[in-house]
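Taken straight from TrEMBL:
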TRANSMEM  34-51  transmembrane segment
DOMAIN    56-135  domain 'YdbS-like PH'
REGION    135-175  region 'Disordered'
COMPBIAS  141-158  compositional bias 'Basic and acidic residues'
TRANSMEM  198-217  transmembrane segment
TRANSMEM  223-249  transmembrane segment
DOMAIN    252-338  domain 'YdbS-like PH'
TRANSMEM  357-375  transmembrane segment
TRANSMEM  381-401  transmembrane segment
DOMAIN    403-483  domain 'YdbS-like PH'
REGION    493-584  region 'Disordered'
COMPBIAS  526-540  compositional bias 'Basic and acidic residues'
COMPBIAS  541-557  compositional bias 'Polar residues'
COMPBIAS  573-584  compositional bias 'Acidic residues'
Amino acid sequence: MKLSPLSIPYRALQKASTVLVALFFLGTSGTVDGVVTIGIGVLVAAAALAYETAYYRRFEYECTLDTFDIASGVISRRDREIPYGRIQNVDVSRNVLQRLLGIAAVDLETAGGSSTEGAIRYVAASRATDLQREIRRRKATRADERSAAQEADRRASDLDSADGSKPPVPTEDPETELFTLSPAELALVGALSFDPRLIGLLAFVGSGSVPVLSGFLPSTTAFVVTITGVIALGLLLVASWMVGAAVAITNYYGFRLTRTGDDLRYERGLFKRYSGSIPTDKVQSLTITDNPAKRLAGYATLTIETAGYAPGQGGTYGSQAAVPLARRDRVRELAREIEAFDDPDFRRPPARVRVRYAIRYVAIVVALTAIAFGADRFVAATIPWYVTAALVPVAVIAAHYKWVHRGYWLGENHLLTRVGFWKRKTRVVPYYRIQTLIDARTVFQRRWRIATVVADTAGSSGFIGRDAAALDVDAADADRLRADLSDRLRTALAERRGRGSSNATPTDVTADPERPPVENETGTPDVDRSAGDGEFRWVTDETQSAADAYSSETGSNADVDPDADADRHSDADPDADGNSDDER
């Protein structure tokens, strides 16, 4: 199957637009003769059209028996075969111009990659939707039809389709609407959104403007400087809020979440429209996120973590917003439709950890006060250093709330963790999805007899930052928690094997995403101490018999290196107490 013919001029315009714009400004400014710029522009446009025509003729894609095949490349040719079982998501995106042309981009996301594995640029919008449904149907067929007779019938049907006959009409499961973002909720999404990135940008730009602005001030006394700084900070916060609101509204305009069979389907976007599927059998974890404003209003956000890369999410690995904003009880209800977990009763870190947080924050305030005092005393700069000294009570209160909003809970089938005050995240991880148990104890944590236990999943992309982590728990509790999670993991895997649910085995981003790991000869979890002093990792694995059974079904090699997961984190360098930047 071929791309849309309209993809030729569209892709050519994409590639040549930068050069053509530069030539336009050169010609209008008189730097280069107008005839020369027109000639160069014609040559550039012709070269882009010629290349895209060759790309169009070379690019082909096809749904075969067991794989989705893509042949592409002009100078360097590439043939790819993507097994249906590896495909996590099939996403369709369309910006304003693409919608006017009636074309769409299709992305096939697989486990184990930090980028899109299969990108189709561009096909007709109707064809993109049909392709999305066909791949989902073939995935379901591959998972459900295990008997030899059913497999033979499917092979015959696919061979007929490959010979040019009309493919069978896929049978679609009924679509059930789970959530629709109303205009009022969309406005609330914007009102509760805040983009802190603008603060750093404007602070950098405005840092060199202080001497210039000081000339407009009637005086440079401490009071005037303080008032000016407060006003500037207020304007900066308002600007950041407006940018965050605009981005959120354009991203989640027309958001709709439905369920079709075992897949969750979403649509969203104003200027660039996204539609895609979230297979529930590929879900690694759930995250309920809120901030002080959302908690005060009783709202929260639900995010689903899969093992694949999520397009349109700013490069976020495997993270897709299932519900951008809804009442907290509604968010929990939707989360329980995906993973049936109970109401948690979080266990907080020991009380001495609160003292540790307070000491750290007060030390920061003291350091800032000393710097401000030194600048005021020796640099002859009028700086109200006593303002920073007044932040000591604020530091103590911040330490308390940081301690309050941390904890973990072990449910019947799920691990729940909570962390963060300004951006509180409650993560829900099924036991059978745990890849690696990591026990991290830094030098500073050992002095306080505490540790951090991390439950790594296939959808995670970093140490602690995106994992479910029990932060700063008592050292003895960390040992018990690690052993308890290991036992619960083995029990959950055994129960799923008993139900014959081979497709829901833990995935490994470095190996076959549907292949179970292997237990060592002693029947106990492997231990990896490669991380160095004070840190060791338990790599929990399934039994060899389960791997052999799975290998006999899929024909794949089920031997897995037990250190594969631990090696993914061997270069990680956590901060002083194992906390991510977002959680400070």
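Each Cβ is built from the backbone N, Cα and C atoms, and glycine gets one as well.
Automatic prediction, not curation, is the source of TrEMBL annotations.
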Secondary structure composition of the domain 'YdbS-like PH' (403-483) [DSSP: H/G/I, E/B, coil]: 19 helix, 36 strand, 26 coil
Beyond the flanks of the transmembrane segment (34-51) by 6 or more, those residues with Cβ under 8 Å of it: 8-9, 12-13, 15-16, 19-20, 23-24, 26-27, 74
For the domain 'YdbS-like PH' (252-338), the mean pLDDT of the predicted model: 83
